[in-house]
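Chemist: Right, I'll just put the structure down here and ask away after.
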Amino acid sequence: MDNFLNDSKLMEDCKSRQWLLSGESPAISSVMFSAGVLGNLIALALLARRWRGDTGCSAGSRTSISLFHVLVTELVLTDLLGTCLISPVVLASYSRNQTLVALAPESHACTYFAFTMTFFSLATMLMLFAMALERYLSIGYPYFYRRHLSRRGGLAVLPVIYGASLLFCSLPLLNYGEYVQYCPGTWCFIRHGRTAYLQLYATMLLLLIVAVLACNISVILNLIRMHRRSRRSRCGLSGSSLRGPGSRRRGERTSMAEETDHLILLAIMTITFAICSLPFTIFAYMDETSSLKEKWDLRALRFLSVNSIIDPWVFAILRPPVLRLMRSVLCCRTSLRTQEAQQTSCSTQSSASKQTDLCGQL
């Protein structure tokens, strides 16, 4: 009982605190801000170079920018915008030694921070879902994908996602849910326990993560089927004297390699977001009277913020040579087994075809 009263007093003190306690350091926030801005700028520079290469391509040549890369560009822009709009408020709080509640009249800085934090976290997850859905349709329904989806349509995804995130995250401004300040006074978020809005927000993130994982699993299964079909076709054609379809087979292998690269990139981003969202989900579903809740407050926010820092670095690090290396490592054992099985199968088919020819001559 005493612990509950002490936690309640601490929570109330955090909500109304005007000054930061001595010993609070902006080091972690500064490092996160610098890493986020630098990573997003590097990712944007790499994407800009790819866009410039795409505009220089002739009409008959193969373009280098796909719908997937349009969505990646929008994700990086979202992460950069979120970092630049959120982190400076925290750094201003440290520089003035004031909490967010005291930083602006009527707690406007606290409301601004909480709204932008919820908005960009949801927008990021929706962008990852759009990328996963694009991969799912590209592999599972190629005819529908080529007929109805285009790069121009991808440009409309960002305003749609921003509009949906704006509507959902504005509910506390319409008195459903409430934004409050949390310890140590340098961040604000949805109030725990007043309404079910915090749990609703966490549930939406969980559902999006599950949907992204389901799309990725479906893409993996479809890629396995494509690999098996291409293996059979190569085996069937190896015993014949026809060489015409060689360029088509090379195109199929290139397409499969690109799809695998996109899947690796998307899978790592999804796993990163799932890990970064886990502390927040635990915090959202904790009992308000739990003595552990106070320890999870700042930890949950920092984990949620780290995602926008990691995403651009994932894209910047996983360049095509690195993706090819990862693909070769992941597929090494499978490739060895496939080659052995293919050689056995092809030799069997070749001997069978020879026997058929001999029978025809007799």
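In case you wondered, yes, glycine gets a Cβ from its N, Cα and C as well.
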Chemist: Looking at Swiss-Prot, which of N6, N216 is flagged as N-linked glycosylation site?
Modeler: N6
Chemist: Going by the topological domains in Swiss-Prot, would S66 and R299 end up on one side of the membrane?
Modeler: no
Chemist: According to Swiss-Prot, C110 takes part in a disulfide bond; indicate which of C169, C183, C188 is its partner.
Modeler: C188
Chemist: Summarise the model's confidence over the topological domain 'Extracellular' (93-112) as a mean pLDDT value.
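Modeler: Across the residues of the topological domain 'Extracellular' (93-112) the model's pLDDT averages 85 on the 0 to 100 scale.
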Chemist: What stretch of 25-48, 67-92, 153-177, 200-224, 263-286 shows the most Cβ pairs under 8 Å to the transmembrane segment (113-133)?
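Modeler: Comparing 25-48, 67-92, 153-177, 200-224, 263-286: 67-92 has the most Cβ pairs near the transmembrane segment (113-133).
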Chemist: Just jot down the residues in the same chain as C188 (disulfide bond), at least 6 apart in sequence, with C-beta under 8 A of its C-beta; none if empty.
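Modeler: For C188 (disulfide bond), the qualifying residues are L100, V101, C110, T111, F113, A114, M117, Y179, V180, Q181, Y182.
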Chemist: Can you name the far-off residues of the same chain, 6+ from the ends of the transmembrane segment (25-48), with a Cβ under 8 Å from a Cβ of it?
Modeler: 69, 72-73, 76-77, 79-80, 83-84, 87-88, 90-91, 94-95, 186, 302, 305-306, 308-313, 315-316, 319
